[in-house]
Amino acid sequence: MKTIAVLTSGGDAPGMNAAIRAVIRYGIHKGCKVYGISRGYKGLIEGDLAEVDLRSACDIIHRGGTILRTARCEEFMTEEGRRQAATVLRVFGVDGLVVIGGDGTFKGARELAKLGVNVVGIPGTIDNDLPYTDYTIGFDTAINTVLDAIGKIRDTSSSHERISIIEVMGRNCGDIALYAGLAGGAEEVVIPEKGQDMEKIFRELLESKSRGKKQSIIILSEGVGEAHELEKQIKEKTKMDSRSTVLGHIQRGGSPSAFDRILATKMGATAVELLIQGKTARVIGIRNNMIFDMDVEEALGVIKKFDSETYELIDILAN
Ligand code: ATP
């Protein structure tokens with residue numbers, strides 16, 4: 001019998017619980033003993049893990065956040081911290097570890113593998129900033145949350161004939177802004193990949209006003225600037241009434257979408273399969289609707305190709 005353990009690390013993302021459920025239940029189905037580790041690498045270093053059973057995964061598939069909780073851990077950035085983590089896994093007889101998180105979590109997994117730990121990573125982050133995979137768990141739910149907010153803000157901004165700036169998460173990756181902007185019919189998206197050409201935005205707002213358009217939605221990615229600042233500049237440069245909304249952490253919460261639950265469930269089961277086969281230093285992804293795995297180092301080296309077609313389409317349809 002194999003013993004496997006699962007943790008969630010970095011920022012939480014809707015769908016992490018569905019992945020945890022799949023690891024627990026698929027692992028037990030395959031005859032494994034399964035441990036749940038609390039608070040990511042921090043809990044691992046502290047030996048905060050307990051065996052889980054089929055009932056531990058009850059009633060969690062629809063819940064946002066992570067029942068294992070999550071943390072960021074400075075100590076794990078040191079060789080000493082990681083050696084302590086590897087020792088804890090040895091003491092508990094863990095043969096394989098599943099980590100669910102973003103690029104930082106994967107870097108940690110790569111280092112743990114170098115210490116002889118069998119580890120497999122599942123991409124869980126709302127930012128969709130892991131270029132080796134088409135989608136990360138949580139991204140679909142997050143853009144649906146943003147879409148819901150766009151719809152509500154659109155109601156009030158069209159009633160008042162205003163410009164609405166909506167600041168969304170994503171750090172250095174503009175995917176949340178780009179795809180929520182496309183789906184929400186935004187007039188402008190301001191994303192790190194394209195930088196900040198404010199003069200273009202002011203010009204286009206004035207042009208659309210002259211065509212009789214009375215309201216516009218601008219989606220601003222947090223990696224580019226602040227919504228309040230953009231609101232001030234628009235008022236100054238265009239004399240148009242504008243309001244800004246920072247969506248913040250509502251984007252991280254909520255019940256996962258069907259897409260995220262399906263993705264998380266398939267990835268969770270695949271992670272267990274890989275560990276049973278004795279694989280290590282692998283991360284799971286989805287490309288062209290196919291689940292696949294690849295080496296963690298290779299995955300971390302993949303450069304994101306900017307989706308300029310989508311960006312240009314938003315511009316064309318904004319008329
Ligand atoms: P998100 O994208 O949601 O922020 P993340 O996994 O990228 O998720 P981070 O805070 O960057 O979140 O990383 C999570 C944890 O992984 C860190 O707190 C740290 O313990 C570990 N980690 C990050 N980078 C490294 C690294 N280079 N080497 C070893 N461990 C790392």
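Residue positions begin at 1 at the first shown residue.
Heads up, the Cβ atoms here are built off N, Cα and C, so glycines get one too.
In TrEMBL this protein carries:
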type     : residues                                                                     : note
ACT_SITE : D127                                                                         : active site, proton acceptor
BINDING  : G11, R72, C73, G102, D103, G104, T105                                        : ATP binding site
BINDING  : R21, A22, V23, I24, R25, R154, G185, A186, E187, R211, K213, K214, Q215      : ADP binding site
BINDING  : D103                                                                         : Mg(2+) binding site
BINDING  : T125, I126, D127, R162, M169, G170, R171, E222, R243, H249, I250, Q251, R252 : substrate binding site
DOMAIN   : 4-275                                                                        : domain 'Phosphofructokinase'
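V23 (ADP binding site) counts 31 other C-beta atoms within 10 Å of its own C-beta, drawing on all protein chains shown. Of the recorded residues, R72 (ATP binding site) and R25 (ADP binding site) place their C-alpha atoms 27 Å from one another. The two recorded residues, G185 (ADP binding site) and R171 (substrate binding site), show a Cα separation of 22 Å. Under 8 Å, Cβ to Cβ, and six or more positions away along its own chain, R21 (ADP binding site) finds A57, I60, I61, T265, G268.
Checking the binding-site residues K213, Q215, R243, I250 against ligand 1, not one has its Cβ under 6 Å from it. The Cβ of R252 (substrate binding site) has G11, D12, A13, P14, G64, I126, G138, A142, M169 as same-chain neighbours under 8 Å, each 6 or more residues away in sequence.
In the three-state DSSP reading, R25 (ADP binding site) counts as helix. Across the binding-site residues listed here (R25, R72, R171, K213, R243), the residue whose Cβ sits among the most other Cβ atoms within 10 Å is R25. Considering only the binding-site residues T125, K213, Q215, the residues lying within 10 A of D103 (ATP binding site) on a C-alpha to C-alpha basis are T125. Following the DSSP three-state reduction, the secondary structure of R243 (substrate binding site) is strand.
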